[in-house]
Amino acid sequence: MTSKLEQKETPQANGAVLPIVPGDCLTSPQRAEPADFLGPDGTGVEVVVLESRANAKGVREEDALLENGSQSNESDDTSTDRGPEPASPLKETSFSIGLQVLFPFLLAGFGTVAAGMVLDIVQHWDVFKYVTEVFILVPALLGLKGNLEMTLASRLSTAANIGQMDTPKELWKMITGNMALIQVQATVVGFLASIAAVVFGWIPDGHFSINHAVLLCASSVATAFIASLVLGMIMIGVIIGSRKMGINPDNVATPIAASLGDLITLALLSGISWGLYKELESKAYVNPLVCAFFISLLPIWIIIAKRNSATREVLYSGWEPVIIAMAISSVGGLILDRTVSDPNFAGMAVFTPVINGVGGNLVAVQASRISTYLHMSGEPGDSPETAPRKCPSPCSTFFSSDVNSRSARVLFLLVVPGHLVFLYTISSMQGGHTTLTLIFIVFYMTAALLQVLILLYIADWMVHWMWGRDLDPDNFSIPYLTALGDLIGTGLLALSFHVLWLIGDRDSDVGD
């Protein structure tokens, strides 16, 4: 009978191999005697002891090892190679979601109101009168906040929530790669949007002007590039600030991306197109030079984005959603062009950015939240507990106890009070050439509620559908959703104005 412990080599979490002896393995102040390690028959037993240490970052390196050397994943839920766990979105209440979303939602709404006022003014400029295809560019370029900036915000919000931006090195890597990526996408999308505007303007009229085509190209590319550069820098600052203040970036980043997005983009488009139109008569070479300059910068941004592992995959695979979304938004622009060009519906211009912006902002928040929720449970396509629902029912989308259903209800309830505030603001500033009668408000609110209801339902299906097919919703869902928001919002608003005109709501002075 012996009381001697048999030594056993045990692998540690950091890869070192040390023998375990009684004097080394005890971490408590009270030391045990050898007899404490004796079996029932008095013979020695092998003891495997868990060694717990703190690394330089204060994170415990702790792995429970079985006697055969295998790891136990159930005895310790502390990660060995991550920083502090991010707050789970499941802990958010309806009140906390609403409180965090309300301020950026109102801020974004007032930004769309300002953009609507700008569009209401510039629609009478010569460039909008004689080059009406510029109207087709408006939803496509305003949609860049959904195609690029909101996608950037969603991507960075997810990265921040899962701890991929905690160190300065990781932060700088995410910033440089993503800024280069959105410049590539903005330039290409701006160029394609100008081609779509030329085609959509040429098919109905049968008239083509090469000077107008080059003007549209130069205006679109320059606007997309500058707007994306400014808004991308704002988004990065918002997300970093949100994390430091303990606010979930998913709740604030995408609305703030749109708060100044519509106004900045529309102001740039109006100013640049007006300036280039003035130069068209005396200096026709200016338009091709502007277009060539921004396109010549493409190789630089491509090289930077390609060298960054965080954006390399999106550079290759992220074109389909932004291009298709641009085409969808351009169809909405065609509706706007045909409607605003009619003097009877000129008042629609001020309301279009508002209804499109509000719908796009709310659905972007929901898509970003669902995407982050899925990312916290695994990787796209490999998490059985978050398997996609092929066709979710409206009840499960809006009335279940799930956190995403709770946020959908909160976002939907913001539509009416938000739009009432924005309509009152437009009316008090005497914009839109439209008096706010009861019947006009009813038709407008019906269109806005129907738009958001459809978008939130589509978002619930689309994000889960993409996740189940190994597609990252942060990169693919928001462009489609905001583009659909532009198309649905413009279509429903145009339908409302047509119905109001047909039933003779003369008190609202629609169109004058």
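Glycine too: its Cβ is placed from the backbone N, Cα and C atoms.
According to TrEMBL, the protein carries these features:
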{"type": "REGION", "residues": "1-40", "note": "region 'Disordered'"}
{"type": "REGION", "residues": "57-91", "note": "region 'Disordered'"}
{"type": "TRANSMEM", "residues": "101-121", "note": "transmembrane segment"}
{"type": "DOMAIN", "residues": "138-272", "note": "domain 'SLC41A/MgtE integral membrane'"}
{"type": "TRANSMEM", "residues": "179-203", "note": "transmembrane segment"}
{"type": "TRANSMEM", "residues": "209-240", "note": "transmembrane segment"}
{"type": "TRANSMEM", "residues": "252-272", "note": "transmembrane segment"}
{"type": "TRANSMEM", "residues": "284-304", "note": "transmembrane segment"}
{"type": "TRANSMEM", "residues": "316-336", "note": "transmembrane segment"}
{"type": "DOMAIN", "residues": "352-495", "note": "domain 'SLC41A/MgtE integral membrane'"}
{"type": "TRANSMEM", "residues": "408-426", "note": "transmembrane segment"}
{"type": "TRANSMEM", "residues": "438-458", "note": "transmembrane segment"}
{"type": "TRANSMEM", "residues": "478-503", "note": "transmembrane segment"}
So, by DSSP, how many helix, strand and coil residues make up the domain 'SLC41A/MgtE integral membrane' (138-272)?
120 helix, 0 strand, 15 coil
Do the transmembrane segment (179-203) and the transmembrane segment (101-121) come together with 3 or more C-beta pairs under 8 Å, pairs six or more apart in sequence?
no
Can you break down the domain 'SLC41A/MgtE integral membrane' (352-495) into helix, strand and coil residue counts using DSSP?
111 helix, 0 strand, 33 coil
